[in-house]
Amino acid sequence: MAAQASEDLKKLDLNGQAGDSKAAAATAGQAEAGEAEDDSDDDEVDGNAAPEGAASGAAKKKKKRKPKKKKKGGAKVQSSPPRVPISQLFPNNQYPEGEIVEYKNENSYRTTNEEKRYLDRMNNDFLQEYRQGAEVHRQVRQYAQKNIKPGQTLTEIAEGIEDAVRALTGHQGLEEGDNLKGGMGFPCGLSINHCAAHYTPNAGNKMVLQQGDVMKVDFGAHLNGRIVDSAFTMAFDPVYDPLLEAVKDATNTGIREAGIDVRMSDIGAAIQETMESYEVEINGQMHPVKCIRNLNGHNIDQHVIHGGKSVPIVKGGDQTKMEEGEVFAIETFGSTGKGYVREDMETSHYALVPNATPVPLRLSSAKNLLNVINKNFGTLPFCRRYLDRLGQDKYLLGLNNLVSSGIVQDYPPLCDIKGSYTAQFEHTIVLRPTVKEVISRGDDY
């Protein structure tokens with residue numbers, strides 16, 4: 001999920017990593033072999049018994065039957081569309097690691113330092129929650145990448161992704177407090193063309209994905225408030241490939257440069273240098289790919305998508321350093337337009353302001369809605385469709401009152417100039433004591 005510049009901050013081939021079908025077959029084969037072995041042992045016992053009518057008249061040995069081992073069921077695999085909870089695919093609650101990147105230069109000692117390795121082991125529960133969320137994200141997005149096609153409505157696409165995330169986390173979010181335990185980390189963003197971020201359809205939206213569209217798909221999955229924030233861009237015309245490649249390369253540059261004690265400004269400078277080395281030809285005209293300078297990456301806190309630190313995507317400015325144990329969303333945005341976004345179109349994204357100053361509310365609708373938000377979302381972002389899903393109606397007046405009172409922050413869509421095209425790629429990284437883990441990395445990007 002995009003973070004605006006510091007001044008704005010103030011206000012799915014699913015690989016079934018649960019278990020390969022071949023491994024399941026092998027396990028089943030071993031179980032059958034074990035049973036055959038049991039019978040074979042029984043025959044040997046019987047064969048050693050004295051022959052019938054032996055002069056010794058020895059009593060016949062009774063054949064002892066060993067209890068048959070139960071055959072193990074085959075390993076579960078993910079359904080299509082994804083509906084099998086990730087916890088059922090990984091019953092031991094050990095989830096796949098992300099991409100492991102060793103620290104470099106003065107931090108290279110961390111990889112083998114015993115104290116740091118001990119601290120790393122202490123973070124296992126925290127990491128498993130992140131890895132579980134990341135596996136949810138990978139399986140959902142890989143399904144989405146294969147199945148999103150021009151002609152579908154944005155509502156159909158968004159709800160398909162969100163339903164899958166809820167199913168795979170095992171939290172439908174309909175019971176009070178359930179969404180705080182797991183589910184959507186924030187609404188599924190589907191920003192088209194010149195719109196770079198924070199667009200998701202409201203109820204009644206009829207917008208249809210077109211063949212010539214460039215769509216940013218930005219969604220989060222969380223377990224216990226550990227939000228995995230990752231985004232990719234889809235285009236159906238290869239003319240936009242250089243734009244997508246520029247932004248993907250820039251994001252990977254940011255990930256490579258990020259680390260403990262690294263200054264934000266240095267990361268931004270490296271991202272900008274990579275991004276702006278690309279250009280794209282559209283309708284016979286060459287366009288330099290520009291960084292959208294007032295959109296940033298950000299750190300992530302528990303249940304809070306924008307933690308307060310920003311990771312710029314241009315040079316200059318913030319000298320703040322990244323610190324051990326922090327979690328960051330490294331995201332970059334490229335544009336063929338001005339490289340600057342403004343608020344535009346109908347608002348859909350909202351979030352409770354953490355530690356907001358209490359304000360007396362006169363509207364009963366605002367009081368009731370605030371109670372619903374606190375119990376169902378807390379500080380997690382939500383959208384109007386989520387309120388509709390909970391059975392809320394006629395809430396707009398109360399919602400606007402919460403916004404004007406500074407209790408809820410609205411996040412309008414952020415757009416460059418009309419006629420331009422924008423792209424986004426994003427990953428969540430964890431700065432572990434020993435290594436940097438790109439939690440959301442997959443085979444796709």
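Positions of Cβ are set from backbone N, Cα and C atoms, glycine also.
The substrate binding site annotation in Swiss-Prot covers H198, H306 and rests on sequence analysis. Taken from Swiss-Prot, the feature divalent metal cation 1 binding site applies to D218, D229, E426, supported by sequence analysis. Under the heading divalent metal cation 2 binding site, Swiss-Prot lists D229, H298, E331, E426, citing sequence analysis as support. Per Swiss-Prot, compositional bias 'Low complexity' is recorded for 18-33, 47-58. Summarising the annotation, Swiss-Prot assigns compositional bias 'Acidic residues' to 34-46. Among the features that Swiss-Prot reports, compositional bias 'Basic residues' is placed at 59-74.
In terms of Cα distance, the binding-site residues that sit within 10 Å of H306 (substrate binding site) are H298, chosen from D218, H298, E331, E426. Other C-beta atoms found within 10 angstroms of the C-beta of H306 (substrate binding site) number 26, with every protein chain shown included. Candidates H198, H298, E331 (binding-site residues) were compared with E426 (divalent metal cation 1 binding site); those inside 10 Å Cα-Cα are E331. Sitting within 8 Å of the Cβ centre of D218, D229, E426, and not among those site residues for divalent metal cation 1, are the Cβ atoms of M1, A2, G189, F219, G220, S230, A231, A329, E331, Q424, H427, T428. In the three-state DSSP scheme, H198 (substrate binding site) is classed as coil.
Closest by Cα distance to H298 (divalent metal cation 2 binding site), from the binding-site residues H198, D218, D229, is D229. Non-local contacts of E331 (divalent metal cation 2 binding site) by the CB criterion (under 8 A, 6+ apart in sequence, same chain) comprise A2, D229, A231, T251, L295, N296, G297, Q424, F425, E426, H427.
Other C-beta atoms found within 10 angstroms of the C-beta of E426 (divalent metal cation 1 binding site) number 26, with every protein chain shown included. Ranking the binding-site residues D218, D229 by how many Cβ atoms sit within 10 Å of each one's Cβ puts D229 at the top.
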